[in-house]
Structures are given as C-alpha cells and as structure tokens.
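Undergrad: Structure in structure tokens, see below.
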Amino acid sequence: MRVIKIIICLVFSVSSFISCSKDDNDNKHPTTPNANANIPTADIPEEIVRLEFPKLKNGNSIVLVHKTNDQYGINYSTEWDTRLSAQRWSCYQMYDSNSGGHVGRYDTSNGYPNDELLPHDYQLIPDPYYGSGFDHGHICPSADRQYSKEANRQTFFLTNMQPQFKEFNQVDYPWEQMEEQVRSWNMSSFRDTLYVVKGGTIDNGNILQYLSRGSVRIPVPKFFFVAILCKNATGYKALGFWFEHKKYKKKRRLGDYITNIDQLEELTGIDFFCNLPDNIEEHVESQHTDNIKRAWGLK
C-alpha cells in the first residue's frame, strides 16, 4: 500500500501557542509559519495537525486513531507499517480529565486483542509474542488510560505493542521507570497538557532480530524512544529519552537517557512536534540537556 490510510474519529483545533519556562521560548503569541506541519488533504483529514502527532512517514503506513464513545474522544493514535508488520509510534495526550479513574487492567487471559481498525490482512494472527521470551511491551501504557474500560482495552491492541525484554520493560527497569516518571509529571501543578510520542526502531540496522510464528514476522527494536512536549500556563518545553533495548541488571538514573528533541530526531529519523510553529519548535527542540534536566527536575 503506497498511500496513507487514515482512520479518524475527532477534530482538534490548535488555537494558541506559548512557551514553557525561562529555559524555553517565551513568545506568547507567535505568528511565524510552520513549514513542516502535517497537511490535511482529501485523504488525510485535519486530525493529523494535533500537537502530539509527528510528521507522517507515508509509504506503507496506516494511521490508526483510536477513540472511546464518550466525552474523551481520541484515546491514542498509532502509525502502523504494513510491510514490516510493526508500529512506528503511538502518540497521545495527558491532561486532567483523561488522567483519572481506576478501571484496572484489561484481562489478557484469552490473549491480546487485534486492532479492529487494522484491516484483517495486516493483523498479527497468530500472536508472535507468545513463546518468544519477549514481553508485550505497551507503547501507550495501560496505567495512563484508566478513565474507562474501553480506553484501557484499546491499549492492549497488538498495534500498541513492541517486543521488549522483561529486564527492560518491567518494574525497576528503564521503560517502567520512564512511565512512572511521566505519570509524576502528569499533574495540574506541572502541566496543562502533555503531548507524548513513544516507539521503537524498526528499520534495517536498528533491529535486534525478528520474531516469527506461522506466517507472521515482526522486528524487535534495537532502541526505544520517547518525545514529550509540555504545555502549561507559561508555555512549552520538550525533552526526549533514548534507550538501548537490552537486558538491564540494575536501576539507573533516568537523566542518563535524556536527549533534546533535535538529537532524538537525528537518531530516529522522525520529525517530532512538527505541528508547532517553526520558531517555537526550533527553540524548544534545541535546548541543551542541562537546561532540559533543570526544567524537568531530573538529575
């Protein structure tokens, strides 16, 4: 498939842009253009201009926009590569009204569900994770979607998974440490909205191996990445995480994995937060890591 197919659920409009702290751009009413934004067309509706969206890959990609039938609207979105049978990223927002609730984890005793939005020919049947030694690694976490059972169930779609070592994914290892840290930032005293993009590397040269079961074959990422944009009453700030995917032996400081967004874009080939005005994007993405750690309270 050489075109992007977008499955869309909700319209979002971006009406104002401000920056986040003295370490970031303090222009409260920028009017500069945005040369690299996602551009809606007849086949690509305007939902792709939401701030959490990176620049679309095009080519073999399908963009899946998941929503719940309630006031929350869009849950999270995923770019799925139909040729590689793998996701490139999941992106989502975190704010007060979608951060509450305690519905618990979806029951996977009958398996992880295939994504109803993904055409049947691209679904992972049978599930290649079972018996592989790798965890079903959530990209949009279950714990970040506790406001409804349906929102939580959607985080268990195989399109929201990447193969991860348990010594990378589970408690006290880097991916889980990062998820807990993001939740600690998800407070009204810190943010109005967090815009989050996460994923793993799936292209040649950046994979560890393949998992195969039946006719299904999926890549195991060599690296995982996170890009976060914070908006609050004073503006925007951004940071990135870059993790080698391996079996870790002990807990390490999250500050060891920090990078700015410019560096993360070089490492991944992904243009993050492309829907920001260019002057804000360029400023918040180029901050020195010492400034980033100070602005986000990391060591």
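Glycine is no exception: its Cβ is also placed from the backbone N, Cα and C atoms.
Because TrEMBL annotations are produced automatically, they should be read as predictions rather than curated entries.
For HIS138, the entry in TrEMBL reads active site, proton acceptor. According to TrEMBL, the feature Mg(2+) binding site maps to ASN169. For 69-279, the entry in TrEMBL reads domain 'ENPP1-3/EXOG-like endonuclease/phosphodiesterase'. The domain 'DNA/RNA non-specific endonuclease/pyrophosphatase/phosphodiesterase' annotation in TrEMBL covers 72-279. The signal peptide annotation in TrEMBL covers 1-21.
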Undergrad: Which number gives the other C-beta atoms within 10 angstroms of the C-beta of HIS138 (active site, proton acceptor), all protein chains shown included?
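TA: Summing over all protein chains shown, HIS138 (active site, proton acceptor) has 23 other Cβ atoms within 10 Å.
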Undergrad: What residues, ordered by sequence, lie under 8 A Cβ-to-Cβ from the residue listed as 'Mg(2+) binding site' and sit at least six positions away in the same chain?
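TA: Non-local contacts for the residue listed as 'Mg(2+) binding site': ASP135, GLY137, TRP175, GLU176.
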